[in-house]
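Novice: Annotations for this protein, taken from TrEMBL, read as follows:
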- H120, D142, H144, D146, D228, D230: Mn(2+) binding site (BINDING)
Amino acid sequence: MRQIDALESPRFTQITTFGRLPECKEGEEVKAFFLGIPFDDATSFRPGARFGPRAIREASRMLRPYNRFQDTYPFDILNMCDHGDVNVVPGSTEDTMMKVEEWLDNVKDYEAPFIAGGDHSITLPVLMSLSKAGKVNLIHFDSHFDTWDSYWGKRFTHGTWLRRAIEMGLVGEVYQVGIRSPLYSKNDIKEVEDLGINVVYVEQVKENMNDVISKLNSIKGKVYISLDIDVVDPAFAPGTGTPEVGGLTSYEMLKIMRSLNVDLVGMDVVEVSPPYDVSEVTSLLASYLLYEGASVKARETGNEELLENETKKELT
Ligand SMILES: [Mn+2]
């Protein structure tokens, strides 16, 4: 049991960490960890995502050790812990990017970070660090392309990070899923095609989800998932900065995550803005999505041994 046991210690007690996991200790060998990047100065509309990590930690108190959908024990198998937050620099996107990249560069003994943002600008420095071990393929869930060149003359914002990542050669194949926002012009679509991105629009997900899942599972090599919570319909995830109606249900989003069979090297859930949330539903969903991501990683890490031991324990 990696978590504080809710059967001994009620869910509303104890110090808040992701999934009620232990804080990471130096020298401990873990295969995955939770990390908060509470930065929201690169958002183009409603702020508040700086409070995302703490809200997601609070909501994650509901997570339990066994994930029936994926038949795995993600926290135990990955020996997962909570690494706290990166010391971001409010008011400076560039300084924060440096801090994030440096932070991840300095962690030696991890396989996969599971990150809570923050606005979407935080994904760029994460990719800058991860890609030092080779390009990663990207699955990007979002209602927006995030491929614009600049906002107000600024090149590093939550709407430009993907264009920068492609220009910097950090990513291999890129799949965008759930796209539906109104655009600045029809030319935006051409620009995305020119960048070589595989776009899966929201109607394709709604009409043929299985097809979308097999497309994603056909990706060869390492995969990083960046999930903007605004891919989910604001009816299910209202707590976000740039909401777009007509999106995925929480069940559809969870189902895609549960169906993935990829070599996952990390994941983020960004743009959760608790001041716009209702009854913690958005942060609750965000915590479950990270849990499903960790479960994908756990499945691929191999859980036979652990499941065997578990069965033996039950028998004795
Ligand atoms: Mn978005």
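For all residues, glycine too, the Cβ spot is worked out from N, Cα and C.
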Novice: With a radius of 8 angstroms around the mean position of the C-beta atoms of H120, D142, H144, D146, D228, D230, what other residues of the same chain does the Mn(2+) site pick up?
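Specialist: Leaving out the recorded residues gives H140, S143, H158, G159, V231, T242, V270, E271.
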Novice: For D142 (Mn(2+) binding site), what is the tally of other C-beta atoms lying within 10 angstroms of its C-beta?
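Specialist: Neighbour count, Cβ to Cβ under the 10 Å cut-off: 25.
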Novice: Could you work out which of the binding-site residues (H120, H144) has its C-beta surrounded by the smallest number of other C-beta atoms within 10 A?
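Specialist: Counting other Cβ atoms within 10 Å of each of the binding-site residues H120, H144, the minimum falls on H144.
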Novice: So what sits near D146 (Mn(2+) binding site) in its own chain, CB-to-CB under 8 Å and at least six residues off in sequence?
Specialist: H120, H140, H158, G159, T160, W161, L162, R163, D228
Novice: Far apart in sequence but close in space: which same-chain residues, 6 or more away, have a Cβ under 8 Å from D230 (Mn(2+) binding site)?
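Specialist: The list for D230 (Mn(2+) binding site) reads D142, S143, H144, A237, T240, G241, T242, P243, E244, G247, E271, given in order along the sequence.
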